[in-house]
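To start, the structure under review is shown below, and the notes come after it.
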Amino acid sequence: MMADQPPPLEATPLLNEVPLLPHMVNGDSIQQASHPVLTPWGQLGWGCRGRRLSKPSPETKLGKDVVPSTDVIAYTEVILVQVNPGETFTITTEDGHMQCIQEPRSHGRTNFIQRDERSLKMQEHLKKRLKDRQASGHTNNKLNSPPSSPHKVVNSSSATIPNGNGKGQQGAGGALKQKQIGKTKGSPDAEMGESDTESKKCDTHLSIGKPVVSDIQARSAVLSWNLPVSSQNGESHSHSPAAFTFEVAISNSGKNGKFKSVYVGEELTITLPDLRPATDYHARVSATSSSTKEAVSELVSFTTESCEPDCPAAPRLVNRTKNSLSLQWKSSNDNGSKITNFLLEWDEGKSGPFKECYYGHLKQYKLTKLSPSTRYALRLAAKNDIGMSGFSEPVWFCTAGAVPPAPAPPTRRDCGVTWMSLNWSPPIGATPGDPLAYILDMEEEGSLFAYNSEGKSSPSEVVEHSTNPDKPGPPSKPAVKGKIHSHSVKVTWEPPKDNGGSDISKYFLEISEASAGGRWDTIYSGAQREHVCDHLRPGTAYRLRVSCVSKGGESQASDVTTVTTPAVPPGPCPAPALAGKAKPKEIPLQWGPPAVDGGSDITEYILEMADSDQDERRAVYQGPAAEFVVTSLLPGRTYSFWIRAGNRVGSPACNGAEITEYRLDWGQVEGSMHIIYTGPCQSYEVKGLTPATTYYCRVQAVNVAGVGLFGDTSVVTTPASVPAAVAVLHLLEEEQLDISAPFSTCLAIQWEEPCCHGAEITGYNIEYGEKQLVTVGRSTTHVLENLLPDTLYRIRIQAINSLGVGPFSHTMKAKTKPLPPDPPHLECVVFSHQSLKLKWGEGPSRALITNPTQFNLQMEDRFGRFVTVYNGPCHTYKVQRLSESTTYHFRIQAYNDAGEGDFSQVYAFTTTKSPPASLKAPKANQLEENTYEITWEPLQPMKGDSIVYILQLAAGREFDQPAVNVCGTRPGWLGDILVDTVHYI
């Protein structure tokens, strides 16, 4: 049977989905296939071997998961064929009959049902498979050659949907079985088989059941699930647990909220920990393996159980007094059950076990009847219907108390050159157990303060301590004072620039002959800063140095001063002797040098001669020789000879023996003197004398022959001098003065008159502050005025006489008091008809420091006098028991240790009017159907002020205010009520 050639088949969406049979489109008029069936109502058809094929009923919808309604019970093999419109297709049935079916020339797409989402996804999937095969060369010649087996076509098109509106045939008739016999690797059949295997893998569906939640607790739950099941071509397969990895995710923010992964592993049952009580959770389980796609279970929802509340935060302190603590706290998370009570415990201030002090539903509590300055520990727990929570962390609060008393001054325990260790004791009378801290002020006041939570104490007494002194520096280089004598020299020196922190107690003067090398001899030790170095040898060079010592140790030696004594005439020579036998007219003489050359070489000898010891001497020889022959003598006569040596200074002149030393006798009483100097010097300076005092003195000389007699007694009177230093200087207190002085700007001092030193004291210089000097008369008290308030001053004083000013006294520290405070601004912050709450200044309701500023609040009485209504440190006061609508006058004054300040201006504040008393409920009397008369008891007039009554009507709970205003004392109202079905109140 032949048919006309149809036009080429147009490309339609179904053509893109279904692999075409080549002999369907190659132009043959008669096509044959094994058991194909062409449906007469569309492009695609299905058939079966040995079974009758029926068209689905028009009422059956072909779509997702819908099996077409047919007369066929089961299908064994299915072939999908696409033909061109008008083409004849011939099939052979099992009984050998030939059946020719001709496709209509044209058919519309009106019978197509809109595809659902799954069909579109399947279409895209089939397109992708077709492109993959074309790219790999599997279908290069497919349109020009017949398929190797009808089964290939069937397997390739097994997911095709009739008319594009349903699932593949596999979903309607079960899984398709495919036989591949005799296929070899590399053959077209084998390649097609591999693609079919991949298709099977892709078509494998993995599913996991909904998890099950059990053993739900407040903070945990047990989640379990079954192994996933895979299905391929309608057949289900089970797997071992090791083949899958499970992931559990939970969410507490709704099914569409954010999920958090809490477990990844191979177990089928887990416990979900750390859950929140009374919270809705949603859980899901996903399973993955290496051979299948991930499967996600349905969500399972559950709610955790309620439990006891979370541990609350510790209570906080909102106010405290000496005898109470006011506490507040916040609720914790109730965990699904409302908190009904709180339990507050304390240690009773004994640091012992906790005991209950409050149990109730309030979130605040005031502990009363407590001890001042006592530390209490507290903790809090919350309770609901499930149970009691844990306790909060303990907190410690201390009740208010008084500032501590002034402590005793600190004492020095140990110290060094640059450090000091002090200790002190707690103030006497301090509250036991009150934690104290201390402030040591070493700069200004030099005092110790104790303070607690209430404030700072008064300062302790001022005490002075010193660090250990250091070694002093070397004194200045010794300097010669006066004339250098042949046997003595007077030297002086200055103290070191740095005494190391302590006075120099002793100086050491050392001497050394220049020719003696490094040998030093101490010739003086004492507190004086000058010394006469005696017993020196004339014409000799000496080196001098000085050192000092104090409590800090001994200093280094000063620089060296070199002093050379002047030479003197030589000492006596030995008596001349005969140099041979005397002759009648001449005598030869010889002599030796003197024992002492006087510090200079002998330059000559002088030989003197006399007829006897009583005769006058005459020089017979003068020269450097040590022998001489005296000629022109008379025979038989006796002659006396003397020899003297001379040097560059000259030759000695004495009464036969040189004076070796002098002795000075000194005293204030003529009959009671003592020797104060012995030495070769012919002068001596006496120190440490008292001015304007008479002294007695005398001198005696000493030579080898002995001690001579004292000379005449001399009287010496020292001249008058400047006054001595003031020894006693102190500060006068206010009660010691006869006059009233503002101690904020004044300081009163007193001193004792020092010694005048022979000239009457005429006045005093007082130095204070920054070198400010004031001169006063002979009075021993003075008030320093115009000082700065609350300022520390250093004060010292010196006496004055006609000869000058004396040395300054020691320095005294004194501090002026602060100024009396100015009056604060007064204002009324709360007005009422019986009271006025006044406020002034800025500060806490109670003072936290010692001796705070006090306030004196006064109110004018009915006689025009101001009387005190409050006196204390607070900044607010409520004046009560006042009359309504009355003006009151107030003034305020501030005072402290510095004194009382001025009163403020007068402030006027007026109380408000008192509100009317409460009315009794009105009475309603119905006059007509919609008319009522409302009456009530009137109030008494209030000081002529008219009373306005406001009548309110209410329909249900909605008030109209004001509904009616009635002025004066009218005790009723008459009106119409329009709506008689509404009750008015």
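A Cβ is built for glycine as well, from the same backbone N, Cα and C atoms used for every other residue.
No curator has checked TrEMBL annotations; they are predicted automatically.
Owing to the predicted nature of the structure, the values given are computational and were not obtained by experimental measurement.
According to TrEMBL:
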type	residues	note
REGION	127-204	region 'Disordered'
COMPBIAS	136-146	compositional bias 'Polar residues'
COMPBIAS	165-174	compositional bias 'Gly residues'
DOMAIN	207-307	domain 'Fibronectin type-III'
DOMAIN	311-402	domain 'Fibronectin type-III'
REGION	451-483	region 'Disordered'
DOMAIN	474-568	domain 'Fibronectin type-III'
DOMAIN	573-665	domain 'Fibronectin type-III'
DOMAIN	733-819	domain 'Fibronectin type-III'
DOMAIN	820-915	domain 'Fibronectin type-III'
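Residues 373, 398, 400-412, 415-420, 422, 424, 427, 434-439, 441, 445, 489-502, 504, 507, 509, 529-530, 544-561, 563, 683, 813, 847-851 of the same chain lie 6 or more positions beyond the ends of the region 'Disordered' (451-483) yet place their CB under 8 Å from a CB of it. Confidence annotation: the domain 'Fibronectin type-III' (573-665) carries a mean pLDDT of 85 in the model. Residue counts for the region 'Disordered' (451-483) by DSSP state, with H, G and I taken as helix and E and B as strand, are 0 helix, 6 strand, 27 coil. DSSP assignment over the domain 'Fibronectin type-III' (207-307) gives 3 helix, 47 strand, 51 coil.
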